[in-house]
Amino acid sequence: MTEKPPENTAKTGLIAAVLAYGWWGALLPVFLIALRGTAPEEVLAHRVLWSVPFGAAIIAFRSQWPEVVSALRNLRVVMALAGSSAMIAINWLIYIIAVDNRNLFEAALGYYINPLVYVLVGVVVLREKLSRGKQLAVLLAAIGVTVLTFYGGKFPAVALVLAVTFTAYGYLRKQTPVGAMPGLFIETLLLSPFALVYLLWVDPSKLAFGDGAGITAMLVAAGPVTVFPLLCFAIAARRLSLSTLGFMQFIGPTLQFVVGLIDGEDFSRPHQICFAFIWTAAAVFALDAIRQGQVRRRERRERAAGHLEGERGERRPA
């Protein structure tokens, strides 16, 4: 008989997942809306720079410095993290620009289709087979993007760049043997020289930092705003099944969509049709992930029961 994880462990994981996805979906866009008028490049630079000390504090608290040192001594790991840091920097910058330009609907679209792009990478790169549910989800998402492109007359470049860069980031991180927080710390450490060069190169009169206590405090807060949800996600990932995480990941773009509505973005007819297809695709994807998770758990129980029965048979006297 397989042991179930303690109920309080699962509850902690659910709380952490809700905090992570809720933060990414609601608090982060609201935070960036409050920074409108500040150059997106400056926001990105401060997001990178202030993530370093806050990340270091969490790593010290969790006694993860040996993992950081071990990763930095491995050239292959450092090169992989350099690649993932480039992907996440592009992703962050495009997202900041999207919020600054009142384009949250398209940003939400990108994170809705991100799991489907990840599935396609699995098919193309890892030669994985798609279930019928995932095939249907990919088809529905493709129809939605096509409708927005041709009926709406706008190619969703922001959505696709966000989806592709975040998928590439996730793929690179999955292949790199380093934990979530140590990995983020090294990534921001690798990006920090570029952030410093930008801030030193730009005319100080054009920078928002130092132009008032409020804006300066917000730019410093970009560090914990970046680090905290990732810490919550790392906690959730250790305590929840992949199928549960796969279902909950749609919380983020749904909240982004709601923030876009509140912010007064134009939800045009092409957007309505596109999102109808995307939401259906997300529902199909989530239900398929839950079904596959149930099948895997049933198979594990059957194998465990068969193994136990075999052991009993061996103990029986001849």
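Backbone N, Cα and C atoms are what each Cβ position is placed from, and that goes for glycine too.
According to TrEMBL:
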- 12-35: transmembrane segment (TRANSMEM)
- 12-149: domain 'EamA' (DOMAIN)
- 47-65: transmembrane segment (TRANSMEM)
- 77-97: transmembrane segment (TRANSMEM)
- 109-126: transmembrane segment (TRANSMEM)
- 184-201: transmembrane segment (TRANSMEM)
- 213-237: transmembrane segment (TRANSMEM)
- 244-264: transmembrane segment (TRANSMEM)
- 270-290: transmembrane segment (TRANSMEM)
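A Cβ distance under 8 Å defines the sequence-distant neighbours of the transmembrane segment (47-65), meaning residues of its chain 6+ beyond its ends; these are 89, 92, 179, 181-182, 184-185, 188-189, 191-192, 194-196, 199, 219-227, 231. Between the transmembrane segment (77-97) and the transmembrane segment (270-290), the number of CB pairs under 8 angstroms, six or more residues apart, is fewer than three, so the stretches are not in contact. Contact counts against the transmembrane segment (109-126), taken as Cβ pairs under 8 Å, peak for 270-290 among the stretches 12-35, 213-237, 270-290.
Beyond the ends of the transmembrane segment (270-290), by six or more residues, the same chain brings 105, 109, 112-113, 115-116, 119, 131, 133-134, 136-141, 143-145, 147-148, 151-154, 242-243, 246-247, 250, 257 to within a C-beta distance below 8 angstroms of the stretch.
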